[in-house]
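Have a look at the structure below before the remarks.
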């Protein structure tokens with residue numbers, strides 16, 4: 001099955017959701033009508049041979065699109081009437097369902113102290129790719145892992161920023177940025193809840209955190225319900241990362257990625273508890289808590305997140321394809337600039 005056929009299978013699937021499933025009353029019946037599409041979206045990455053396309057499709061379609069459709073079944077989330085003042089047009093419905101994007105909320109605020117602008121991010125991304133491709137053997141393993149961390153952040157940021165620019169120019173819809181300068185985080189709660197990969201954060205909040213918290217609230221009380229809901233959210237995120245990794249490598253999961261997210265979930269729970277106990281009495285200055293937060297994220301990623309990727313060669317597969325695409329884009333941009341000289 002060609003990649004073109006795979007791509008175009010997404011469009012009729014979402015047309016079915018828009019024209020057929022949307023007419024069914026929200027709830028279990030609409031969810032049942034969506035199950036065939038959720039199944040199709042789950043197996044789509046298996047038909048790709050490109051590691052990069054597998055990773056992108058698993059992230060955008062198998063994970064986020066399916067979670068958006070689960071919310072849509074109950075008239076919640078990005079695709080629902082509740083979140084849109086007017087019914088979404090078919091093209092907008094398809095784009096928002098298929099891409100890792102979220103419409104900007106009226107109450108959305110983004111604190112920026114010393115943000116990297118888009119040009120700086122693009123240049124930094126080019127430098128990191130050069131280090132990885134041309135100086136990997138000369139680079140210290142820990143520095144290489146730092147490069148991987150930065151590359152993931154920059155790649156997500158650059159790709160989604162391009163989509164945001166497209167939407168704002170050609171569609172006229174304002175979208176939330178992919179992240180909110182995560183390197184300025186002052187706590188794990190700040191990093192995961194308000195700064196890193198906001199589309200995933202908001203999707204998991206609606207699909208996992210809120211339902212678990214509401215179900216447990218009357219049983220175990222507010223504080224325990226919030227704690228269990230937080231841990232459940234991180235576990236689901238870990239499992240979805242394991243799925244992406246499995247689709248790319250076809251290697252049985254070692255569960256290191258899941259443990260990475262479990263540890264962070266537990267640490268966020270403890271952090272929230274400590275903040276409540278010490279509220280208005282003692283607090284670390286941002287100049288101290290910031291480096292501690294970013295350092296902890298990177299240290300745990302070095303120990304648990306990246307090793308299975310490197311061990312099975314997934315990093316090499318994806319990086320080779322990303323490097324090829326980046327070189328192609330760079331050549332096209334140079335040609336475009338050359339026309340104006």
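The backbone N, Cα and C atoms fix where each Cβ goes, and this holds for glycine too.
Residues 33-34, 37, 40-41, 44, 47-48, 57, 61, 65, 69, 72-73, 90, 93-94, 97-98 of the same chain lie 6+ residues outside the transmembrane segment (6-25) yet bring a C-beta within less than 8 angstroms of a C-beta in it. For 6-25 (among others), the entry in TrEMBL reads transmembrane segment.
The annotation transmembrane segment is assigned in TrEMBL to 37-64 (among others). Sequence-distant contacts of the transmembrane segment (37-64) (same chain, at least 6 residues past either end, Cβ-Cβ under 8 Å): 1, 3, 6, 9-10, 13-14, 16-17, 21, 70, 98-100, 199-200, 203, 240, 243-244, 247-248, 314, 317-318, 321-322, 325.
Per TrEMBL, the feature transmembrane segment maps to 114-133 (among others).
Summarising the annotation, TrEMBL assigns transmembrane segment to 145-171 (among others).
Looking just at the domain 'Wax synthase' (179-261), the mean pLDDT is 91. The feature domain 'Wax synthase' is assigned by TrEMBL to 179-261.
Annotation source TrEMBL lists transmembrane segment at 228-248 (among others).
As annotated by TrEMBL, transmembrane segment applies to 254-272 (among others). Long-range Cβ contacts of the transmembrane segment (254-272) within its own chain (Cβ-Cβ under 8 Å, at least 6 residues beyond either end) map to 187-189, 192, 226-227, 230-231, 233-235, 237-239, 241-242, 245, 296-297, 300-301, 304-305, 307-308.
Long-range contacts of the transmembrane segment (284-306) within its own chain (CB-CB distance under 8 A, at least 6 residues past either end) are made by residues 142, 145-146, 148-149, 182-188, 190-191, 241, 256-257, 259-260, 263-264, 267, 315. The transmembrane segment annotation in TrEMBL covers 284-306 (among others).
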What does DSSP give as the helix, strand and coil breakdown of the domain 'Wax synthase' (179-261)?
68 helix, 0 strand, 15 coil
Within the same chain, where does the transmembrane segment (114-133) have neighbours whose Cβ lies under 8 angstroms from its own Cβ atoms, ignoring anything closer than 6 residues to its ends? I mean 6 or more beyond.
139, 144, 147-148, 150-151, 154-155, 157-158, 161, 181, 184, 319, 322-323, 326, 330
